[in-house]
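Novice: Below are the structure tokens for one structure; questions will follow.
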Amino acid sequence: MLFLWLYMFYSCAGSCAGLTARGSPAPPRAAPPLFPLLLGEPGEESSLEEQRAAPDAGSPISSFFNGSGTKRLPQAIIIGVKKGGTRALLEFLRVHPDVRAVGAEPHFFDRNYERGLAWYRDLMPRTLEGQITMEKTPSYFVTKEAPARISSMCKGTKLIVVVRDPVTRAISDYTQTLSKKPDIPTFESLTFKNRTTGLIDTSWSAIQIGIYAKHLENWLLHFPIGQLLFVSGERLISDPAGELGRVQDFLGLKRIITDKHFYFNKTKGFPCLKKAEGSSKPHCLGKTKGRTHPDIDQEVVQRLRDFYRPFNMKFYQMTGQDFGWD
């Protein structure tokens, strides 16, 4: 009788986020969370190859008894932006017992799309009934093909964009590149096509990424504005619990992550977790986060602010939020 009940339970249809390929049926839904499932250590970043090598979920009945869950396509994706605070947001979210996320960035919708949805799904962590599968790849936001590809996977996918003052973001982007390539030209020389005329070089990715309104227009061709949540990178630092509250509401999760989970690290200059999931120790983002920015000519900074201002105003109108960058 028990096995008959289990068979009927797993015959129920899954959501579109569980498809393994376009037009193919969703995998069986996992059992209710009768058994505890520990999240991976926040910040843990296994390679895509290691994630692929992990065995897939067994039969529905074995999943029910061992609590291993089922691999599903993500119901929510952090799509951007680079150097906006996406890693911090993902690590904070992973504290929530109903969030399961990939550590490494899959880059499926920009670099690995030809591998197919079955390959992408295999990268995902196992989830139980009621848990949300997530991933984050900041370059999706500026990838022209990404909106249509994600919509093709599932039109109901929830999208999260972490945005930050585009001038500060550009400098942070440059700082990251400088740490890897110390011999690159100065920020000032890369900013302009011609410094004498003050013409900004929008072909430089560090500048182009910050034209948020332009990129958002592409996403709104495939998703309604209400399906995107815009998180302030600045408020993620000054009020992490407040921004996490908005994110939890957007994802339909109970507000479990609150002020009690954070403390401010004065040395790094951003909030850290008091207790990482699966650990009794505090957890901060790695040493590659919070780098000291180089001194930039203030005239260049002002010219960039003037350049971004009309795009920022349009972005505020499109999102219905004033991020206070001007």
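Using N, Cα and C of the backbone, Cβ positions are placed for all residues, glycine too.
TrEMBL does not curate its annotations; it predicts them automatically.
Predicted, not measured: the structure shown is a model, and the values here were computed from it.
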Novice: From the disulfide entries in TrEMBL, identify which of CYS154, CYS284 pairs with CYS272.
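Specialist: According to the record, the bonded cysteine is CYS284.
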Novice: Out of the recorded positions LYS83, CYS272, CYS284, give me the one sitting nearest to SER172 (3'-phosphoadenylyl sulfate binding site) by CA distance.
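Specialist: Smallest Cα separation from SER172 (3'-phosphoadenylyl sulfate binding site) among LYS83, CYS272, CYS284: LYS83.
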Novice: In Å, rounded, how far does the Cα of ARG87 (3'-phosphoadenylyl sulfate binding site) sit from the Cα of CYS284 (disulfide bond)?
Specialist: 11
Novice: Near THR292 (3'-phosphoadenylyl sulfate binding site), how many other Cβ atoms are within 10 Å of its Cβ?
Specialist: 7
Novice: Can you give me the Cα-Cα distance between GLY85 (3'-phosphoadenylyl sulfate binding site) and CYS272 (disulfide bond) in Å, rounded to a whole number?
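Specialist: Taking the Cα atoms only, GLY85 (3'-phosphoadenylyl sulfate binding site) lies 13 Å from CYS272 (disulfide bond).
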